[in-house]
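Chemist: The signal peptide feature in TrEMBL is assigned to 1-22. The feature domain 'Fucolectin tachylectin-4 pentraxin-1' is assigned by TrEMBL to 23-176. According to TrEMBL, the feature domain 'EGF-like' maps to 182-217, 218-249, 279-309, 311-341, 343-373, 378-413, 434-464, 466-496, 498-528. What TrEMBL lists as transmembrane segment is 571-592.
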Amino acid sequence: MGVYRYLLVSWSVITTLTVVNASENIASGKATNQSGVHNNYDSSKAVDGCVRTTMLSNCCTHTATGQTEAWWQVNLQTQSVIDSVNIIYRDENFLSRLAGYEVYLSYTQDWTSGTRCHKDTTADLASVSVIQNVQCPGVARYLTIYNDRRVKAKAWYSDDAILELCEVQVYGCPVGKYGNGNCNNDCMNCVNNMCDATSGTCGDCAAGYHKTGAFCVPCPVNCAVNKCDSLTGACTDGCTAGFSGTLCRCPVNCKDTSCPVEGQCTDCIDGYYGPFCTPCPVGCSPDTCDKTSGHCVQCDIGFYGSFCNQSCPVNCKNNVCYKDNAQCTECFIGFYSSFCDQPCSSYCKNNVCNKDNGQCTGCNDGFYGPSCTPCPSGCSTDTCDKTSGHCVQFYSSFCNRSCPIDYQNSICNQDNCHYKECDIGFHGSFCNQSCPVNCKNNVCNIDNGQCQECDNGFYGIYCTQPCLINCKNNVCMKDDGQCTECEAGFYGSECNESCPDNCQDALCYRSSGECEVCVAGFHGSQCLKSCGDCQGLSCDKDSGDCATGCTDGWTGDKCDTKVVIVMNEDAAVGIGVGSGVVILALVVVIIVQTRRLAMKRGDTTRSTHMTDITLSRTAKGLNNDQDGNYDEIATHKEQSIAQISHTEGNYEQLERREVDVPHMYDTTNVDTKT
């Protein structure tokens, strides 16, 4: 912890052996310690209040002899603001031992880490005083007096370091306190809570305060971030919103910071009114009132009046009443009238009545009418019609005729008596009519005989109409006869339409007729589309894709594309040669057939016409010499078919090759008849 240096203006005046100081001696009787003890002259003798200065008085301390360093320390028990220290030394010609001493202030017992507030620099022995008045301003818990003889600073200093203190008086007050000899007063608003131990004057003010005379008072309330000049009080960082002026005295609630006259607003923000923007009355909702008069525009729940300062009547529901007249908008159950101060009749059912006139909305058993008048005395168990008052278990309008003895345990209306309940399977006033045969469990309404439910296969109020033929399990709706489900193979609202043929197990959706699942080999909503060459025949119902793969020779998602067979060059050559041989054979056959036809015609010229199939040439193109010689027909090269054509066009094109096609030639023979 750092040491705060704080100068306090306080002077001590010492006369003879009595020290006069306005603050308190805070060392008196406190715990002490020293570097060593000589002849039982321990450290506590310096704070025992005895100021005699001889060793024989047993009022002085004495540290150990033969040491090069000596120290004495007092524990003030709390952080204290120190004004001064008075040291009263042994007055028996041993002042050379005191000369050169030092005073330290520290927060801990380790005084070497503290602050030295005084060092004696007296020039000669004659100038050393038995009473040392030291100005030692600072803040500390421990005060230590130290002497060092490791190196003698002056020749007249003692050889050994010895301290013989007859009294040490530390004047000051604990931090935060001041007073005239008693430290009973609190420092107010001083920086670090430290003030003059005697007068309480702050050396400086804490943040948010400024000097007024000797004391610190808060900065003007509207200074921004609560900062002001510690001497003048002027706001240093400006004003909070809505305030202006050196001291920011324009009210915080001025609208648009409109404050031409310091302290008075021309208009207020919502929730405030008047020249000083006083808060609206607490009952205003939502914190709004007339900017001039302060009258509330609307009240919070539970209040009414111009200033919303009056409470609504206690029986208003949810504590809500009208602002102007305090009338309740609704009443709690059990009360009625404008102010909900009238109780409902105790005969009202659930204690509920009309807010305006108190009439019951319903009556307890035994009462009837808007005012819940008691039922006639003859009504069984005190019950009657809630509107007319007619009894329900006797007959005649006012139950002055009882049911015959045969109808005891029965109920009556105003005209006649009838049984209260019938045996299962019967209905009617006298339970002498059978329920319809198709009533489920033979149960029907006692009054009209209508079935409560129907047996399977029937519907209608008397369960006389049969369900549609294709209803699943022969079950249909009681009211309209519609099937709840269709038998397998049918769909539609009346289950009269057949499911498509390819629906698996003849199952289709009732509303659309779409197959739930297709039989193997088909797909589509109606299962009308054939699957491709799928492995295992089945394909996806919606897309037609084959999930299990394709059969050999087919490919694609739907297995509808023929696999292409690609042949190598040798195979292509073989096909070409084979094709050539076939063509030659065809040419030979055609030539033979042509010759036979010519011979049959009996041509006198007996000319034979050989046709070159490839070149489509005729005999007219030959040189018709009579010398028996014949022209030579040239040999032509022809391109062979290099593409094997499949009926479905699924083979790839082979490489083209040139093939020599031999041509047949014949002579033109002229047969000369003699």
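From the backbone N, Cα and C atoms, a Cβ is placed for every residue, glycine too.
All TrEMBL annotations are machine predictions without curation.
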Chemist: Using a Cβ cut-off under 8 Å, which residues of the same chain at least 6 positions beyond either end of the domain 'EGF-like' (343-373) come close to it?
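Modeler: Hits for the domain 'EGF-like' (343-373): 328, 330-331, 333-337, 379, 381-389.
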Chemist: Quick check on the domain 'EGF-like' (434-464): DSSP residue counts for helix, strand, coil, in that order please.
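Modeler: Summed by class, the stretch gives 3 helix, 7 strand, 21 coil.
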Chemist: Average the pLDDT scores across the domain 'Fucolectin tachylectin-4 pentraxin-1' (23-176) and report the rounded value.
Modeler: 96
